[in-house]
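A.B. asks: Below are the C-alpha cells for one structure; questions will follow.
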Amino acid sequence: MKLKHISTLLGAAAVAASMLTGASASAEDKVGFVYVGPVGDHGWTYRHDLGRQAVQNALGDKVKTTFVESVKEGPDAERVIRQMAADGHKLIFTTSFGYMNPTLKVAKQFPGVKFEHATGYKRMDNVSTYSARFYEGRYVVGKIAGKMTKSNVIGYVGSFPIPEVVRGINATILAARSVNPDVVVKVAWVSTWYDPGKEGDAAKALIDQGADIILQHTDSPAPLQVAESRGVWAVGQASDMSKFAPKAQLTGIIDDWDGYYVARTKAILDGSWKSEDTWGGFNTGLVQLAPYNKAIPADVIQLAEDTRKGIEDGSINPFAGPFNKQDGSVGAAAGSALDDGTLLGMNWYVEGVEGQLPK
Amino acid sequence: MSGFDWIVPVILTVITAATPLVFAAIGELVTEKSGVLNLGVEGMMLVGAVTGFVTATVTGNYFLAVALAAVAGGFMAFLFGILTLSLMANQVATGLALTLFGVGLSALMGQEFVGEPVASLSKLNIPGISDIPIIGPIVFGQDGLVYLSFVMVALVSWFLYKTKAGLILRAVGDSHDAAHSIGYSVIGIRYMAVIFGGAMSGIGGAYLSLAYTPMWAENMTAGRGWIALALIVFATWKPGLVLVGAYMFGGITILQLHAQAAGLDLPSQVLSMLPYLATVLVLVLISKDQSRIRKHAPACIGKIFHPAA
C-alpha cells in the first residue's frame, strides 16, 4: 500500500519535472526522450543519452532535446509521454520495451506528434519502431565464451523473459556450442533492468554454481565487478565497461544510437519522416563490440572477427539450422534459418540452456 | 556443486545484501521511536552513498568516507528536522520530498564519478582464523561495516530498553504532550533521533557504494530505502527483529537466485515474489496479536508536536 502510493507520487513528480523542462523551451523544435533508467547507469540509458547529446551537437540550435529519466514502465510512462506530447514536442523517443502500449495510446491522441519506440513491434502512422540486432553481438561473444570457458558453464544474468532477452541467450549458446558442444548456459532472472546490488548477487550465485563467464542483459556494471573480484570472465553490456573489470572484460556489446537519432531528427526537420521499422546490426553500426581483452588468444580473436565480418556481410546467420529447441524438437532444420518474425516472438530456449523459461 | 560447498558463498552474499538494510532500518527505527516518520530514507541513503564514494575516491581514506557519509545523511535528516519539527511541515510529504531531493542531489554530486570504479572496502582477514572452514570466512572475514551493523543493533536495543535516555525517547514517541509536561524537550530529543536516523541511512548508503557494489551509479539504492521502512513495520519496531527481517529478506532474495541458477523449475516471478510474500505472511501472523503492535509501535508517530497544545 505504502509503496504503491509512493510510486504514484514519484510518477506525478516526474510529470511535474517534465512540465518544468517543457516550459522553458523556446521556438526550436523539441525532441523528447523517455528513459527507463538514470542517465548515469553506464549502460542502456547512458547510451541513449549519448545519442540525445549527439542530436544536440549535430543540430545545434535547430532543436532542443529534453529527457525524463527513471520512468517506470506502465501508467507512469503514459503520463510522462502524454505530458511531453502536450508540451509541443515534435518527436518523442520512448526507449524501453515496456513503453510500447503507453506510446501507442498517447500517439492516438496526438496524431501530429511523431513517436519512435525502441524495441517494440507495434507501429502506427505516427509511430516508428527501432531496435538493434544485439543478438549479432552476442553470437560473436558466444564464440569467444565457448572457447574461453574451462568449466563449460556460462552464467547469464537476465532481466525479464521477453523475446529480446531470450534471443540473446539463444544466440550465445548456439555460438558457444558451435565451437564447444559441452557448454551449457545457466540463467538467473532478476526481474529488473537496473539494480546494481541484485545484478551483482545474481552474478555471484551463477559463479557459485560453476559459471566461469558472466554475461548479462541488465544495465549496470555490477556483474562485471563481481566477475573481476572472483577472477572469472565477463562481457560488458551496452557500453564498454572495462573500467569496472579491466582484467575480466572479454569484450562488450556496445549500443550506438547516435547516427540513428541524428538521422531521424533531421527527417523531422526536413519533413521526410515516415513511420518505419529499423532493425539494424553490425551492418548499420547500431551494434558494435568493445576492444577485445588482451588475454584472448590470437586464434580466438581471429574467429570472433571472422564471425563479426560474416554477420556484417550476410554470409553468417546466427539462427541458421540445424539446431534443436531445448525440448528436443527442431528449432531450425539444416539449410534453413529463422525469419525475423520468429526471432521477434522467440519464447523458447534452444538446446544447451538449463532451467525452464519463465512464462 | 557437491555437498554443502555452496553454503558459505550463499551466506557471504546474504550478509552483504542485508547489511545496508540493517543500517538504514535501525536508524529509522530510532527516528520512529521518537515519534517522527521520515520517509526520506532512500534519499538519505543515496546522498550517503555518493558522499562515501566521492570521499573514498578523492582521499582513499575509507574511515573518513564512512564518517562523511554519516555526516551527509545526518545533514539531510537535519534539513528534514527543520522543516517538520521547527516549521511543522507534514512529515509524510516532507519525507517524500527529501527522497526526491536526495535522488537529484546525489546524481548531481556524483556526476563526475559515474563510471569510476573504486577498490572495495577491505575485509578483516585474520590469517589462520579466517581460514577455518565455514566459520572462518563468515565470522572473521567481513569488512568493518558488517561488524558495526551488529554493534549498532545491540547498542540501539540497549539504549532504548536499558537506559533512561532511551526511556525518555520512547516516552516522547508515545506521548509528546506528557513528556513535554514533565519538562523534556520534545523537539530537541526528536532532532537528535532524526539526525541519528539520517546518519545510519548515510552509512547504509556508503556500504552500497563502497562494499556491496563498489561504484557510484545514479539511483543505485534501487528501492532499498523503502524496504528498510517496511522492515521496521515488519519488525514491529523491535531492533532484534529488524536484524532478523533484513537477513530474511536478503536471504530469500539470494536463495531464489541460487535456485534459478541451479535450474529449479519454478517461475522466476514466483521466486522474486517470495521475500514480499514472506513479509506479508509475517505481517498477517503478528497482526493477529494486536497488543504486540500496540505495545511497540510509537503512539505519536507522524503527529506534529505543537508545544502550546
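The backbone N, Cα and C atoms fix where each Cβ goes, glycine too.
Automatic, uncurated: that is what TrEMBL annotation is.
Owing to the predicted nature of the structure, the values given are computational and were not obtained by experimental measurement.
According to TrEMBL, the transmembrane segment annotation covers B:6-24, B:36-56, B:62-85, B:92-114, B:134-161, B:191-210, B:216-234, B:241-260, B:266-286.
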A.B. asks: Going through B:6-24, B:62-85, B:216-234 one by one, which has the most CB pairs that fall under 8 Å from the transmembrane segment (B:134-161)?
C.D. replies: B:6-24
A.B. asks: Tell me if the transmembrane segment (B:6-24) touches the transmembrane segment (B:62-85). I count contact as 3 or more CB pairs below 8 A, with pairs 6 or more residues apart.
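C.D. replies: Counting Cβ pairs under 8 Å, fewer than 3, so no.
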A.B. asks: Which residues of the chain, 6 or more past the ends of the transmembrane segment (B:92-114), have a CB below 8 A from one of its CBs?
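C.D. replies: Beyond its ends, the transmembrane segment (B:92-114) has Cβ neighbours at 37-47, 49-51, 53-54, 57, 76, 79-80, 83-84, 216-219, 225, 302.
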A.B. asks: Sequence-remote contacts (6 or more beyond its ends) of the transmembrane segment (B:191-210), Cβ cut-off under 8 Å?
C.D. replies: 19-24, 26-31, 33-34, 36, 38, 41, 44-53, 56, 62, 65-66, 69-78, 80-81, 85, 118, 120-121, 145, 148, 152, 169, 216, 220-221, 224-225, 228
